[in-house]
Amino acid sequence: MPHTLWMVWVLGVIISLSKEESSNQASLSCDRNGICKGSSGSLNSIPSGLTEAVKSLDLSNNRITYISNSDLQRCVNLQALVLTSNGINTIEEDSFSSLGSLEHLDLSYNYLSNLSSSWFKPLSSLTFLNLLGNPYKTLGETSLFSHLTKLQILRVGNMDTFTKIQRKDFAGLTFLEELEIDASDLQSYEPKSLKSIQNVSHLILHMKQHILLLEIFVDVTSSVECLELRDTDLDTFHFSELSTGETNSLIKKFTFRNVKITDESLFQVMKLLNQISGLLELEFDDCTLNGVGNFRASDNDRVIDPGKVETLTIRRLHIPRFYLFYDLSTLYSLTERVKRITVENSKVFLVPCLLSQHLKSLEYLDLSENLMVEEYLKNSACEDAWPSLQTLILRQNHLASLEKTGETLLTLKNLTNVDISKNSFHSMPETCQWPEKMKYLNLSSTRIHSVTGCIPKTLEILDVSNNNLNLFSLNLPQLKELYISRNKLMTLPDASLLPMLLVLKISRNAITTFSKEQLDSFHTLKTLEAGGNNFICSCEFLSFTQEQQALAKVLIDWPANYLCDSPSHVRGQQVQDVRLSVSECHRTALVSGMCCALFLLILLTGVLCHRFHGLWYMKMMWAWLQAKRKPRKAPSRNICYDAFVSYSERDAYWVENLMVQELENFNPPFKLCLHKRDFIPGKWIIDNIIDSIEKSHKTVFVLSENFVKSEWCKYELDFSHFRLFDENNDAAILILLEPIEKKAIPQRFCKLRKIMNTKTYLEWPMDEAQREGFWVNLRAAIKS
């Protein structure tokens, strides 16, 4: 029994391991370039079977806890390894021994409490290393990075347990593009620990407290170009000149991000910055000022020289006691050399006139996402304010009148670039006043419905994108760039109004087509962006866009953003890939050809009808059918005549004086039906013919040249023809009054021609001795 249980347990373990292995393999996908992705796949270990084909391996956000020597042994060509946000607590000494080609290694946010230099010794090609967020207290007992001669980006430290920086920690590193140290809970800093690095382009330092800030500052000031301080409480910071000593500063930019500061500590920070002789740029992002702007120096403090600072950037500054804020008059003297100022999303509603007048060197001012209105802007742009200002950005404020805004800026004589986008102007007056040197104007997202002469003629760049424009007809003779995307325009602007245009961006409008002639009319155009419109892919448009090879050089978003909207069967397809059928592309020619063919068919039908009497056939058929459809007055009708005589009026003498006399005076007499005598007056002649033929036992045709030429004889012959065809009888008797060729009888009377070919007909003899026999034969034929 125990043996059986043991076997069951072993089998269960094997099955469990096989399932886990198959699950690991299923969570990893690799492409043909060796890029393998297995992030967020619930992996418990590094998948087996990895080969030298793998070049990039992403296993972030899994449950991996252990890396063995064999896991990555075959990945000799691996260049990037991402293992962030797992549960890794152990890495065997030689786990990375075969990764000589590795350039990018991310081990951040795991559970590595001890770091080993043996991990990194084989990584001679490493340029990026991230060890942030692991619970180590120090960076190991020996130097970790001394063998990483190609390292450019290094990130180390954590928020809670990293408490000590030692001199050996960064030994061997001479140049770094970026060094990020999370020393939020730093308690000990060994002097000159960071001084060993000769040059750092960008140092990011996370520190909750400022206790060790000056010591670190002394070490990095001569090697760091951009120093960024994050998440630091400087409310009680105090600068001591003795702590810095003589320094040869290399710092050009100092950034404070998510830093707390007071009026007094800001003054102390400025004293610190005064030690950086080459400082050019100062930036405050997401900072909190716990003060009211009272930056007055104490009697013991000397006046601060701002040095060479040219750029000041403030973004999302939070001032809890905003309503008590001062006028900044104590800082006026420090601003005269500043050339670029950005104060963004910081609730600025006014720049005092005196401050504006002190900003004598200011060339660029960005007050985006604030509370500026025309009345306060007028005070800010007072006489002699911002005398050197060239660019003013007032994006997303509370401006509402273009006319007032333009008039307010007239005092700025050197102003050339104005961005007042994302304000709500809605309408535009017919005329406005602007500074004389205006070259650039941004009116995007201002809800305007039309553009007028308010736009200055001196502009070289105009942005009116994302509005409600359906027409652009301004004459701007100097305009070089026009941005008018996301409007409602249905066609390209008139090129004659924009003779100098180089760049036109008109994507996502209501344009359905444009032609070669339109583009050629823009003589100087170099760049056109017209994608995202609802193009009608007509044959002309397709021919133009697909045959012009040079068009791709002008259309910067070709071909991806040029899609057909119609015809419906090509909707959504790229214009360059659409091919229309011949019938769609040559519809006019096709319709014309069909009309010509139809005309020729009708003409041919007419000729054939005329040649073969088709019209006559139809007329006779119609008359016969009409006659057949007439209701009978009696269910049956008796034969009233022995024969109906059809003859030509020119043969009337022979019929009336010879034939009638011989037949009607015979004993017993024959009763003949003659049209002159027996037709009912007032009745339709066709009806008379049909009725007479139907009431007659026989129909006698007196054939002669006159008969063939007679129209009424033709009718009588016609209806006799129909009767022969309809009733299939032999009621017709043919008399040849004079010799006549069978060809003289119209071919349309095929039945009668057949009778003449198959049956004997009577011929009027010229010899009087034979005429008695003729009458005997005729009487016999009528009686038969």
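Any Cβ shown, glycine's included, is placed from N, Cα and C.
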Study note, to complete from the structure: Among 707-724, 725-742, 761-778, Swiss-Prot marks as motif 'ATG16L1-binding motif' the stretch 761-778
Check your understanding: So which residues does the repeat 'LRR 7' (200-223) touch in its own chain, when a touch means Cβ under 8 Å and the partner is 6 or more beyond its ends?
Key -> 157, 159, 175-186, 188-189, 191-194, 229-234, 236-237, 239-240, 243-245, 247-251, 272, 275-276
Check your understanding: Over all shown protein chains, what is the count of other CB atoms within 10 A of the CB belonging to Cys454 (disulfide bond)?
Key -> 20
Review point. Against which stretches of its own chain does the repeat 'LRR 3' (102-125) lie, if we need a Cβ under 8 Å and a gap of at least six residues from its ends?
Key: 60, 65, 78-89, 91, 93-96, 131-137, 139-140, 142-150, 155
Review point. To the nearest whole angstrom, what is the C-alpha distance linking Cys382 (disulfide bond) and Cys36 (disulfide bond)?
Key: 62
**Study point:** Other CB atoms, at most 10 A from the CB of Cys30 (disulfide bond)
**Key:** 17
**Study point:** Largest tally of Cβ atoms lying within 10 Å of a Cβ, found at which of the disulfide-bonded residues Cys36, Cys353, Cys382, Cys432
**Key:** Cys36
Revision key, fill the gap. One should report the C-alpha separation between Cys30 (disulfide bond) and Phe349 (site 'Interaction with bacterial lipopeptide'), rounded to whole angstrom, as 55
Review point. Within 10 Å of the Cβ of Phe349 (site 'Interaction with bacterial lipopeptide'), how many other Cβ atoms are there?
Key: 15
